[in-house]
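What TrEMBL records for this protein:
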| type | residues | note |
| --- | --- | --- |
| REGION | 1-29 | region 'Disordered' |
| TRANSMEM | 78-100 | transmembrane segment |
| DOMAIN | 106-315 | domain 'Ion transport' |
| TRANSMEM | 159-180 | transmembrane segment |
| TRANSMEM | 220-240 | transmembrane segment |
| TRANSMEM | 288-312 | transmembrane segment |
| DOMAIN | 432-696 | domain 'Ion transport' |
| TRANSMEM | 436-455 | transmembrane segment |
| TRANSMEM | 467-486 | transmembrane segment |
| TRANSMEM | 507-526 | transmembrane segment |
| TRANSMEM | 546-569 | transmembrane segment |
| TRANSMEM | 581-605 | transmembrane segment |
| TRANSMEM | 671-693 | transmembrane segment |
Amino acid sequence: MADPREESEPLLSRTRGGSARHTPAGVPSCHSVQVGPGAVARRDLCLDQAVVFIEDAIQYRSINHRVDARSLWLYRRYYSSTSQWTLSFTIFLILALAFIETPSSLTSTSDVRYRPAPWEPPCGLTEGVEALCLLVFAADVSVKSYLVGWAQFRKNPWLLAYLVVLLVSLVDWTVSLSLICQEPVRVRRLLRPFFLMQNSSMMKKTLKCIRWSLPEMASIGLLLAAHLCLFTVLGMLLFPGEKDDRRDRQRLTYFRNLPEALTSLLVLLTTANNPDVMIPAYSKNRLYAIFFIAFTLIGSLFLMNLLTAIIYNQFRGYLMKSLQTSLLRRRLGIRAAYKVLSSTTAEGEAHPEGVGVKPQDFLQVLQKVQLDSDHKQAITEKLHSRSGDLLSADEFQKLFDEFDKRVIKEHPPRPEYRPQFLQSAQFLFGHHYFDYLGNLMALGNLVTICVFLVLDAHVLPKDRDDFVLGILNCVFILYYLLEMLLKVFALGLRGYLVSCSNVFDGLLTAVLLVLEISTLAVYRFPHPGWKPEALGLLSLWDVTRLVNVLIAFRFLRIIPSMELMAVVASTILDLIRNMRAFGGILAVAYYVFAIIGVTLFRGVIVAPGNSSLAPDNGSAPCGSFEQLEYWTNNFDDFAAALVTLWDVMVVNNWQVFLDAFRRYAGPWSKIYFVLWWLVSSVLWVNLFLALILENFLHKWDRRSHLQSLTGDLGATSEVTVELLFRDVLEEPTEEELTEKLSHHPHLQLCR
């Protein structure tokens, strides 16, 4: 690769109509000199620039980075699969340290009554791993900063925050070692999720959309707060204390004071304590039910659903905005590649700006692009099918429409049999009706298992007679084996394995066959009164349960056979793939709140008998933390904190956690749990619901359009989400692309 110092003029130099005001000195030129020893090096540089721009377009990356030869080499190495996997593993590793660091989560249970003393890593072990991770992140931010340039680095808040987080983490790491790992708080633990967020462009976009929606969500939040405060005051006035303690349960239990009343109604907003909070007052006077019914109607059924509607309204264009931005980045990267390649065509031509791209230059670039061979072959075939010498900008663009098609393998030809009998058998066992028969048999097998589960529900495993069920399972498994062999006969081995449904079916059948043979070898053939003793690792009952579980999983094979169910299942899978950013946001929230919870509440939940605050179960009030034996829900380690936060997010019995931690840690603990409820159950769940609605409705309404597209494409490709919505996206104009390219910080093109 040529030394970039050999180049002295920017790409499409000033004499070609460009302005050099944004071009740093020393940026190489593709064709500023058309003859001489540097011409080949400049041509190679242009090809390398085109390769990188096309890879940016494939991955929807920004093209605003350095484009000299040395930077292009570093850029491609940075975005190679090895480098990105290393960075992803490093992020996973530094986040996973929370499970090993003090307090360690390496115990079999989190129950404070039975939990053994965990293994604690020696000082310096996790700190050494963390130091390696910080070195990787330091190299990452250094490479990113160099590639985008100092001017862009100063304007990028994420890169600036990246640097600050690294510096704070390094200082805190130094303090830990100087205090021999005995510091009470590790600030850097709270900062670790930032490394996950900054490495995901979709998570950054999601955070930006949440920030845009906060004002509208705050307005409905104020309405909820006003509603809650008003009914709290009304409740305090309606349920005053009386002399009769038996008739004063409402006041003493739920409206003892203003904070207790506010907490009780906040929990009622989630319906977690309904109708418990209403029963004492309702038993005194039936008219008191109007108070609680009105509160629930206004708060839970109206305001909370109105909040969901507002969030959906704010996010209804999120998917389209994201796809529109991705489309612009793709078009911009492809146009930049076209510009630099067309500049090589202009060398030696009469017209200095050139008229297109040579097909041979494009093929040379395509071979260097990191792209799977199927897409390369599809683009090459499309290129050879055209006529003409040079590729115009429009033709160049259309070649890359193949990126929006997931190339799938064609079904290999079926084996050919000469005898008429074998041909008839091949037609019969290769027909989709044979699949329907297999689905019917799988359903029958599942029904028999359910029948025996109901009949033996009150029989202990050691007293069960598994003779009939064992015989039926053996018969069904033999049928599954026969079905698999007949399909291989009809479709051929390659034709059988090309279907994911067949592979799933075949693997489970093979596992079931191995388990059945093992059972027969150890316990012999079933017979009446078949109750053999446990032999080996698994008892007969354990093997039977495992077989039944696999049979239940095998029943999922019916999904591809039912068109409506297949559409729903594929939509759900697409939603999971396209909503990883929201899963990442939730993971970040869990991580931060878990670390805060461990810091605040570690050790506050004590085993019964070890504290006056932890009564025995017999003396504990009904429905309390102690009576329900929620001892595993604590913040004594990171893993236990995650499970506790999940239980609170579900808001089933979350008033039990509020009451327990109020007694064990203090009334201020309610602030922590209410904040977690707002972030997880109110904000995140509603955001997730809004995006599910938008994605699902878009995909559902446009499934006929999807079928027409796949029908046109044939059996060789399937569409991506981008192509599915392409007709509702706005194509960037020529002026917009030219304007964007003219403001490239490291690449100057003529206007």
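Our numbering is plain: 1 for the first residue shown, then up by one each step along the chain.
Note that Cβ sites are derived from N, Cα and C of the backbone, with glycine treated the same way.
No curator has checked TrEMBL annotations; they are predicted automatically.
Beyond the ends of the transmembrane segment (581-605), by six or more residues, the same chain brings 95, 98, 103, 112, 185, 189-190, 192-193, 196-197, 200, 202-203, 205-207, 210, 614, 631, 633-638, 641-642, 644-646, 660-661, 664-665, 669, 672, 676, 679-680, 684, 687-688, 691 to within a C-beta distance below 8 angstroms of the stretch. Fewer than three CB pairs closer than 8 A are found between the transmembrane segment (671-693) and the transmembrane segment (436-455), and contact between the two stretches is not assigned (pairs 6 or more residues apart). Mean pLDDT of the predicted structure over the domain 'Ion transport' (432-696): 79.
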